[in-house]
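For reference, Swiss-Prot has these:
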- 333, 384, 510: Zn(2+) binding site (BINDING)
- 1-61: domain 'TGS' (DOMAIN)
- 242-533: region 'Catalytic' (REGION)
């Protein structure tokens with residue numbers, strides 16, 4: 001007898017081995033029809049898999065998250081089925097599930113076009129309508145090789161070579177099409193009706209730009225049509241907010257083929273960049289950080305000491321001079337430790353906080369570059385706190401409070417807190433890990449933060465806190481971090497004299513709030529859909545005349561605004577063009593300016609201005625001093 005225990009702890013007995021689908025059928029035909037897969041003793045299996053021992057079983061349906069992911073994975077296989085029917089010479093590579101979707105990498109002699117994508121999607125719908133069963137066959141290794149050799153699927157053969165210890169592999173058959181996978185997959189194509197192919201992009205075999213280029217077809221799939229429609233709306237909203245498009249439309253920056261992965265900042269974009277940097281510089285000053293500046297290029301021997309030369313060299317830009325090897329720094333921490341090492345440091349100097357707007361270079365693959373979000377040259381608000389083990393908790397409390405204020409000023413209040421704990425492979429004693437992890441956890445508790453434990457996600461040398469922003473359309477952006485590091489101070493010989501008169505190693509806390517300024521500005525642009533807060537907007541107010549009769553008064557207004565606020569003038573654009581006022585208002589509105597001041601004869605006679613706020617809000621006519629007070633309050637309130 002086989003005893004099956006269900007999630008409600010009820011039990012069912014069967015005379016012999018029984019499949020997941022059979023168990024579902026014995027419970028009821030409705031459940032059987034909705035069964036995507038099963039979870040046996042916590043392990044996902046196909047609906048056709050047989051249970052031959054007493055076990056706990058959960059029936060997986062499309063309404064379970066695992067069910068949705070299985071649907072997505074099976075949709076990737078369906079892409080393969082459709083592609084091979086339409087383009088028989090295409091070679092299939094891999095088709096995994098990703099967040100909210102899936103993709104399939106394909107080798108083909110020409111790029112797929114939007115018309116190809118539409119044809120593939122249509123063929124997938126036709127295949128789904130055939131309502132065929134997806135058949136799983138566990139197949140001996142030699143037969144798997146034979147199957148793919150006969151079909152000319154060279155990439156599948158390479159993947160088989162990557163698994164020398166596998167004696168048998170799962171082959172999933174979609175009619176004449178076959179794919180290799182660990183599974184599980186849906187039992188029938190009727191589960192795949194709610195899907196959409198979204199785009200095609202380039203990719204590389206094994207993600208390495210030195211390998212052959214592939215094409216990646218992306219798609220999404222859901223259990224319910226409403227979920228798909230909501231997803232499509234989110235994607236459409238994300239496209240409207242795409243920082244690359246807004247960067248062009250608002251004349252902020254561009255990326256040029258002459259320097260891939262680096263940003264050409266235009267005047268308005270550079271104004272935003274300077275605004276973020278100056279704000280963060282004031283944060284340094286107000287919170288006990290000493291700003292430092294390290295060199296861009298450092299000798300190979302330093303990178304050998306830190307371990308980067310062996311483990312990170314492929315991602316570093318290197319050069320040679322006078323028979324010495326150098327590298328552009330991919331991070332700022334070694335330079336800060338070299339600064340710390342100059343002169344004798346005492347326990348009285350700790351915690352010692354260094355901050356730098358350090359430009360770093362990382363040789364990211366071309367295919368991974370993305371606007372100003374993923375670049376090769378970037379500037380970090382990089383800080384390093386040299387402290388003792390006992391000071392970690394308080395420094396983390398201080399850092400979390402500071403980070404929350406900074407994010408709020410930039411328009412983010414929804415933060416996810418994670419503690420990344422010790423990985424399997426690590427250095428240091430268990431006691432030191434216990435103390436460090438406990439300090440991080442207690443710091444979040446003291447800060448009143450709910451947090452998640454990311455088990456095993458810490459670095460090999462220490463745990464860290466990760467701070468992830470949730471933006472206006474629900475996307476997650478991991479920006480802030482504070483990382484405990486007892487290793488690099490030891491590698492580079494950092495010491496301080498303790499209260500006992502002996503030399504000790506400091507702990508280094510690597511910390512960043514915005515991280516890469518380039519990436520953070522990209523996030524800001526998308527968060528605010530280009531309509532940046534008044535204090536950050538590259539142009540805060542435009543002054544528009546109706547006719548030439550108001551030109552001198554408009555110039556007078558602009559001059560006053562540019563000197564209006566203590567220690568800072570407003571960023572003003574004066575538009576005296578001989579164009580219709582409606583045309584000028586529309587043009588400046590499209591540039592997402594916070595305020596537009598319109599001046600006609602009545603306003604000139606009254607010494608006033610007609611104020612239009614962003615979002616086509618008419619605030620009426622007011623004295624110039626009243627407007628200065630209004631915009632000054634906006635800037636002070638960071639809105």
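Positions of Cβ are set from backbone N, Cα and C atoms, glycine also.
Around residue 510 (Zn(2+) binding site), the same-chain residues at least 6 positions away in sequence with a Cβ under 8 Å from its Cβ are 333, 382, 383, 384, 481, 482, 483, 485. Counting Cβ atoms from all protein chains shown, residue 384 (Zn(2+) binding site) has 29 others lying within 10 Å of its own Cβ. The residues of the domain 'TGS' (1-61), classed with DSSP into helix (H, G, I), strand (E, B) and coil, number 14 helix, 26 strand, 21 coil. Around the Cβ of residue 333 (Zn(2+) binding site), a 10 Å sphere holds 24 further Cβ atoms from the protein chains shown.
Each of 331, 332, 336, 337, 382, 383, 483, 485, 488, 508, 509, 511 belongs to the same chain as 333, 384, 510, is absent from that list, and has a C-beta within 8 angstroms of the C-beta centroid marking the Zn(2+) site. If you average pLDDT over the domain 'TGS' (1-61) in this model, you get 95. Secondary structure at residue 384 (Zn(2+) binding site), as computed by DSSP, is strand.
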